[in-house]
C-alpha cells in the first residue's frame, strides 16, 4: 500500500511539473514579449491594438506588488517589495484585472514577474511603499504582509558563489532573504500567486529562483490553484512557470535542479547569440544551435537575446543600441526551432539605474507612436520594429516544422528552411550575399517581411521569385540596413 501511495505521489508531482512547462498559447502563437515597466492600462490597449492582431502569444509584465519608493525611481525599485498589495506605478488591482481580461480576450496571455526570494533591502528608517504601506526593512519588519525577523534567514552576504548555503540563504545584493522552508512564509506567496491566478494570469516568471531551494519552490508550485477557466483556460490547467536561474555551466546551484519544476531562463543562449552576431563566432556553427551547444532541452528553455538585467551590462549581450546585429540575432532566434521565445521591449537608458519614462511627478508616462507605429518618447518598443514583429508572424507561420536545407558559405552567411513554409537568410560578412539558394517554398513570388510588408497583395520591400524547384535569387548587401531576409507562405504575393 505504501509503495502504491508513493508511486501515485511521484506520478502526480511529475504530471504537475510537466504541466508547468505549458504556456497556454492560443492557436499557432508562440512568442512572449516583455513590456518592461509598462502601465497596465497601456498593456491592455497594446494587446487589443497591436499584440493580438500581430500574433503575439503573451506578455511578461513587471512585478505587480507594492514596492519601496527609491530616490529617482530607478527600475530596480520594483524588485524591492514590501507587501503583496497589487499597487505599483503600473497601476492598481482593478487596472491590473482589467488588463488581464482584455488581453486574454484577444488571445494574449499574461505572465507576472514575481518576487518570492526576498523583501526590500535596507532603508534608513521607515519606508513607505507604492500603496502607502510602511515597513522597516532594516529590522526585517514588513507589517503589510506581515513578516517579521523570524521569517527571514540570518543576515549574511554572498561572497562565495560556489557556496550553496551563501547563494540560497544569504542576502542577494542586500535584499532581505525569506526562509521558504517556513510554513508561514510559504503560505503568503501561495496566497499572492493564487490571487493572481484568480485574476486570470497564465503563469509566472520567478525572479532569483536559484537563490531558493528547489524543494521549497516545488512545494509552493504544487500548492497553487489551477488556472481560471473563466479566462479561457481548460479545466485542470497548471500555471506556466519560468524561473530565473543564471547558470554559466560551472555553477554550484545548477539550472538542472529547477528544469523539471518549470522552464528555466537559458542565459547561455543570450550570451552565445550575442557572441555570434557581434562577429566573435562564425554563424556557420549555428547549424547545431540548441542542445548541441549544451543548452537545456527545448521545452525547458526560456530563450531571449537580452533581458532587462543583462541588456544593461557590458559584454557580449546585444541590445537595442546595436540595432543591425540585434535584429539579425532576433530574426535567427525566432526562426530557429529551439526554446520558448521571449522578445524584449525596453525603454532608453544611459546608465544602469535609468528609470522608465516619467513625468515631473514621477508617474510613468504612456508610450507615444509615430506614423509608422514606432515609439518616440523614451520607450524603445523593439516589439514594434517591423523586423521583429514580422518575425513573430514568421514564427507563427512555420510552427511545427523542422530545419531543412541548411546552407552556409563557411563563414558568416547562412540560410535555412523551415519545412516548406519559411526561409531565412542572414549576411554578417563585410561583403554581399548574392546566391541562388533553395528556399524550399512552393513556386511563386514572396515578400521579404524584413524589408517590407505585404499590403493589399503588393510588397513594400524586396521580393523573391521562387522557381518550380524551390530556388530563388537571394541578395543581401553588406551595407543593407538589416542584414537578414525572411520569406514565408503567409507573405506570398
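In case you wondered, yes, glycine gets a Cβ from its N, Cα and C as well.
Annotated features, as they stand in Swiss-Prot:
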SIGNAL    1-19  signal peptide
MOD_RES   20  pyrrolidone carboxylic acid
DISULFID  47-103  disulfide bond
BINDING   117, 168, 177, 211  Ca(2+) binding site
DISULFID  156-170  disulfide bond
BINDING   205, 307, 342  chloride binding site
ACT_SITE  207  active site, nucleophile
ACT_SITE  244  active site, proton donor
SITE      309  site 'Transition state stabilizer'
DISULFID  375-381  disulfide bond
DISULFID  417-440  disulfide bond
DISULFID  447-459  disulfide bond
Secondary structure of residue 211 (Ca(2+) binding site) (DSSP, helix/strand/coil): helix
Neighbours of residue 211 (Ca(2+) binding site) among the recorded positions 20, 170, 342, 375 (Cα to Cα, within 10 Å): 170
Among 168, 177, 205, 244, which are recorded as recorded positions, the nearest neighbour of residue 20 (pyrrolidone carboxylic acid) by Cα: 205
Protein Cβ atoms within 10 Å of residue 417 (disulfide bond), excluding its own: 25
Site with most surrounding Cβ atoms, counting all protein chains shown within 10 Å, from the disulfide-bonded residues 103, 375, 440: 103
Residue 168 (Ca(2+) binding site) to residue 156 (disulfide bond) - Cα separation in whole Å: 11
Any further residue of that chain within 8 Å (Cβ to the Cβ centroid of 205, 307, 342) of the recorded chloride site: 32, 34, 60, 113, 242, 244, 265, 302, 304, 308, 344
Top Cα neighbour of residue 447 (disulfide bond) in the set of recorded positions 170, 307, 309: 307
